[in-house]
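Asker: To start, I am sharing the structure in question, which I have written as structure tokens.
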Amino acid sequence: MTVLVVLLYKYRCYKIIHGWLLITSVLLLFFFNFIFFLNILEVYNVSLDWISAGLVMWNFGLIGLLAVHWKGPLMLQQIYLIIISALLALTFIKYLPDWTTWFVLGAISLWDLVAVLCPFGPLRILVETAQERNEPIFPSLIYSSTVAWIVNMATEDETETNDSQNNQSNSNTSRGNRNRRNIQIAAPEAEPENADDVDIEFSTSQPNRHSENRLRGINDDDSEEREATEDEEDDQSGVKLGLGDFIFYSILVGKAASNRDWNTTIACFVAILIGLCMTLLLLAIFKRALPALPISIAFGLIFNFATSGLIAPFSDSLQSNQVYI
Amino acid sequence: MAFMSWFGYTFIAFGPSLAIFTMTIADDATQIIIMFTSAFFWLVSLLFSSIIWQIPFSDLKLRLGISVALCVAIQELFRYLFYLLMKKADKGLLSITTSSTISQTRQRKHKIAYVAGFGFGVMSGAFSVVNLLATASGPGTVGIKGNSDLFFLSSAIFTSIFILLNIFWSVIIFDGFDKRNWKKIAYVFATHELTSLLTLVNVGHQPNYSASITTSCLVLLITTIVALYTAGGNIKSLITSLVKRQVVTQVR
């Protein structure tokens, strides 16, 4: 799947990729969402007529599509990207057997490592092509945070060297970026239906304003619109994380939660966050696209099993005897 | 009823820490990272102590006592390791700090210690009470078989005490490490062992909570005062800072 997308991207078949992404997100936001919505209603024994249910679903899904694929406030976009990942993760947790999930998690983080770091890894090719063309990677595939400080840390000393590479193409568009350069963690693709690829990458690149405009809204030729897009782009600088990562993080935490032991869930959550922090640290050191899954997932898996196997009996007996440490 | 009591227990246990988090920590990304890192350190320390728990002893109290005593030692060891990490990361942290709160240099060390202690405390609090709270929300009656019906209430109170204690211990012990002040380090270690081992009183069918809760509260009070003086304040400055804040809110 990843290879297919990379090939399509390389030969500039944008329409096909966009159509594909659109179909998957329509499926997720309407169909899967509907299934889980029904489930929730069933569990809490709430009755709701079809008309209002349809109305709720329609509005929810449509706003999501608009926010993700066209434009919307960054906050809304982030919310919907998280919802999409959560829905997909829920589907996996629900329909995959236990050991398959654990195996998939391990395999996917290894694949992530290969795809991003090997010279011929598909994701690496994708990010590099995107950089060459000075285009941002599809907005529906990455989650961008507004965190700027880590970017500052990563870039203060190396700005000069990195700049020289992109200088020609970016010299007149650097205003929006001021002194700081963007580190993108882009996860070019997370295809819902076929999870064989996950991707997260960190790339140091500066999204080009004009191509951004092109992607976002083809008709914004008047200056006011352009101003607005520029502001939005400013918002978008910062760390970018692939949606695929979100999905697999949520699968891990969700799997831990299905043990009905809160300690495991908390341990997994903290371990994944720490893994992410370490990845960010490495990002600051290496200053290139990095896979975000391996460290986090490894930590998460270790702490999931260690907590349910070792810590849980200890903390349970401490709790039931009311001994505090 | 169960839901209401769940609500009550939750906010007895985590109310103070929630207030602390939203008022002093939540608005600074660096502090949140420090908090989670220290929480992670606590988790690793718990992992090591749970390995000790695997050693089987016939007597439950003896087994609990030994593992608790060692667990406290391991926790303090990890606090020291976290201190070393913070010392190393200090420069990097300074360079990425955007908010001015943590970079005001004089109080910065104490602030880091405070956030680190908060991470330790919240994590230990979560591990000691969250599963109980999950049970408390469900169906059932507390103490129906002759056990104490104060079980959840006392658990929540203990959790709250231990979260606060962890914050103050960190403030004191980080200062102790900094100035090689063995008295402070010894004080923290001793009180931590004391309060933890005292909760062994709770083990049993009908425990008498008044003894353990009173001593823990007493230790908390003393530790608070020591931490206050360690951070360079005194009771007068505490009162004036409270009063000043009131004036500020009135003006606004």
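Heads up, the Cβ atoms here are built off N, Cα and C, so glycines get one too.
So TrEMBL has the following annotated:
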{"type": "TRANSMEM", "residues": "A:20-41", "note": "transmembrane segment"}
{"type": "TRANSMEM", "residues": "A:47-67", "note": "transmembrane segment"}
{"type": "TRANSMEM", "residues": "A:79-96", "note": "transmembrane segment"}
{"type": "TRANSMEM", "residues": "A:102-123", "note": "transmembrane segment"}
{"type": "REGION", "residues": "A:157-181", "note": "region 'Disordered'"}
{"type": "COMPBIAS", "residues": "A:162-176", "note": "compositional bias 'Low complexity'"}
{"type": "REGION", "residues": "A:203-237", "note": "region 'Disordered'"}
{"type": "COMPBIAS", "residues": "A:209-219", "note": "compositional bias 'Basic and acidic residues'"}
{"type": "COMPBIAS", "residues": "A:220-236", "note": "compositional bias 'Acidic residues'"}
{"type": "TRANSMEM", "residues": "A:265-286", "note": "transmembrane segment"}
{"type": "TRANSMEM", "residues": "A:292-312", "note": "transmembrane segment"}
Asker: If I count Cβ-Cβ pairs under 8 A between the transmembrane segment (A:79-96) and each of A:47-67, A:102-123, A:265-286, A:292-312, which range comes out on top?
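Answerer: Between the stretches A:47-67, A:102-123, A:265-286, A:292-312, A:47-67 has the largest tally.
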Asker: Determine which recorded stretch among A:20-41, A:47-67, A:102-123, A:265-286 has the most C-beta pairs below 8 angstroms with the transmembrane segment (A:292-312).
Answerer: A:265-286
Asker: Would you kindly list the residues that approach the transmembrane segment (A:47-67) from elsewhere in its chain, counting only those six or more residues past its ends and only Cβ-Cβ distances under 8 Å?
Answerer: 22, 25-26, 29-30, 33-34, 37, 41, 73, 76-77, 79-80, 83-84
